[in-house]
Amino acid sequence: MSTPRPVLVVDFGAQYAQLIARRVREAKVYSEIVPHTMPVAEMLAKNPAAIILSGGPASVYAPGAPQVDAGMFTAGVPVFGICYGFQAMAQALGGTVAHTGNREYGGTPLQARPEAGVLLKDLPADLPVWMSHGDCVTEAPAGFTVTAESAGAPVAAFEDLVGRRAGVQFHPEVGHTAHGQEMLTRFLYEIAGIEPTWTPENIIDEQVARIREQVGEKEVICGLSGGVDSAVAAALVHKAVGDQLTCVFVDHGLLRAGEAEQVEKDYVAATGIKLKVVDARDRFLGALAGVTDPEQKRKIIGREFIRVFEAAAREIAAHGDVEFLVQGTLYPDVVESGGGTGTANIKSHHNVGGLPEDLKFALVEPLRALFKDEVRTLGLQLGLPEEMVWRHPFPGPGLAIRIIGAVDEERLALLRKADLIARQELTAAGLDRDVWQFPVVLLADVRSVGVQGDGRSYGHPVVLRPVSSEDAMTADWSRLPYDVIARISTRITNEVAEVNRVVLDVTSKPPGTIEWE
Ligand code: XMP
C-alpha cells in the first residue's frame, strides 16, 4: 500500500496548523503540515488531495505578510482557506480585503445561509463561531457564493463548487465553533471529493509494509522506556518483522511502582516480543549518591543510560546483524524540530533515551507521521494493555527529579508509595483521562513539625502536582474534587511513614514547570 495523497495544511505561523491537521485526520483523511514559505510547485509535487490554508497572526496588509501564490489556484487542487488563509485566498483570487475597523475576537454569532451551498448545508442559520480577525473580506472573488456573514465580516464564508474551493473567516477547527468539524468534513468529502480511508487498520498495514521493505532480513533493536510511544513503535515493528526485533529495557531503579513489571510481564505477554531487561538499579543509585543538583542528576542519568544501552546493544549485535534502531518519534516532534513548518516553535527534547550518534544504526521511526492520540488508537488496535496505552507522560530521569534532594533507596521507596496512592485514588475516581499528568514530589530536604498518633512528628512534605495540558508546553493546575485530594492526603499521611504533610501545587505553567526538580 502506498502513502495516501496528503491534504496539505499550509502553516501561516500561528498555533492552528497542527490542530487543523489533527481535525483532518479525525475525519479519516491523511494530512501533512507544510510551511507557507514552501514554493507552490513543491507543494503540488506532493500530489495533494487538497490544500488548507491555515490562520496566521499577520494582517494581509502588513509589510512582508505572507501571500498566497495565485499558481495554487490554477492546478485544479481543491483549496480551503481559514481565517488568514481565507483572506489571503480572497486577495489572490481578486476579491477585496479591507480594514473596516470591525474587529471580532472570540465567540461571535454567525448568520449562515445553509441553503446557499454545501459547507453549511443543513446547519442552523444562527451559529456561534470562533473569530479572531481585524481585517475582513468585503467582496468575494468572481465565481464565489457568499454563504455566511457576521456583524464584523460581510463575507464570513464563501464557496465555488465548480473550482472546488471554499473559505471561512472563523476557525472551524476549534471546539468553540459549533459544527466546525462538520464543516471541515463537508469540505473534504463533498467539495474536494476525498474518501475517508485513513483508519487505524490502514495505518498499521501501511507501516508494516514499509518496515518490511526498510528492514528486510536484518536485525533490529528498540529501547523501551515504559512510555506509550516506544511501546507502540516496537509493537508495530514486531508485527512487521517478528523475532528480528529485540527490545531493551533499562531498569534504572527510578521507576514508579509496578512499571518495570508492566513492561516485563504485561507488554511481553501482549506482544510476544523478545525482551532484554537490564537491571542497572545499583549502578544508577551508586552514580547518583549524594547528588542534589537537578541538572547534575539529569546528566548522570543520561550518561549512565547511554552506557548501559550501548553495552546491551553491543551484546545483541554480537549475535547477529543489527543495523536498525527503532525510535518512537512523533509528528509534533518532527514539526517542532523544523521538519514540518519552519516556524520558531522548537521544543527541547530532553529524553533520557537520546542516543549517541556513533551507535551507527539506521533509524526506524514508524510513528513519524502520527499524533499522540493516533498512537494511542494504534496501541489499542495492536492489543497493548490499556494501562500502558493511557499511561500519563513520565520523565525519562524518573523519580530522581521528583525527589528534591539526594536520591537513595529509602526515599525512592517512600515516594513510590505516595505516588501509588495518588494514582490509585485518581483511577478510583475515574479521573485518569481528565488530567494530563500527576507528579507527586517528595521534598526530601524539608522537614516540618506535625502531630501524629500520640506525639510530635518531624517529617517530610509531599507535593501533589496534578495538571491539565494539551501538549506540556503550557499547563494549568487541575481542579480535582476536594474529596479526592482529601482521600489522597489522608492515605499518604497514614500509610507513608516519614510524611506528615501533603500540599497541593496551584501554579500554572508558565510560570511554574510541570516537574519540580
Ligand atoms: P516541564 O517540567 O518542563 O515538563 O514542564 C514538560 C514535560 O516534559 C516531561 N519531562 C521529560 N520527559 N525526559 C522526558 O522524556 C525528561 O528528561 C523530561 N523532563 C521533563 C515532563 O514530565 C512533562 O510532561
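Heads up, the Cβ atoms here are built off N, Cα and C, so glycines get one too.
These figures come from a predicted structure and were not determined experimentally.
There are 25 other CB atoms within 10 A of the CB of CYS83 (active site, nucleophile), with all protein chains counted. For the recorded site, CYS83 (active site, nucleophile), the DSSP three-state label reads coil. What TrEMBL lists as active site, nucleophile is CYS83.
Taken from TrEMBL, the feature active site applies to HIS171 (among others). Counting Cβ atoms from all protein chains shown, HIS171 (active site) has 23 others lying within 10 Å of its own Cβ. In this structure, HIS171 (active site) belongs to neither helix nor strand by DSSP; it is coil.
According to TrEMBL, the active site annotation covers GLU173 (among others).
Residues annotated as ATP binding site in TrEMBL: SER225, GLY226, GLY227, VAL228, ASP229, SER230, ALA231.
Here TrEMBL flags 198-391 as domain 'GMPS ATP-PPase'.
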Report the nearest neighbour of SER230 (ATP binding site) in space among the active-site residues CYS83, HIS171, GLU173, comparing Cα positions.
GLU173
Residues with Cβ closer than 8 Å to the Cβ of GLY226 (ATP binding site), same chain and 6+ apart in sequence?
PHE249, LEU255, GLU259, ALA260, GLN262, VAL263, ARG391, PHE394
Please report the three-state DSSP label of GLY227 (ATP binding site).
coil
Do any of CYS83, SER225, GLY227 (recorded positions) have a CA within 10 A of HIS171 (active site), and if so which?
CYS83
Taking the Cα atoms as reference points, how far is ASP229 (ATP binding site) from GLU173 (active site) in Å?
26
Cβ neighbours of ALA231 (ATP binding site) where a neighbour is any other Cβ within 10 Å:
29
Out of GLU173, ASP229, which of these recorded positions shows the lowest number of other CB atoms within 10 Å of its CB?
ASP229
Do you know offhand how many angstrom separate SER225 (ATP binding site) and GLU173 (active site) by C-alpha?
33
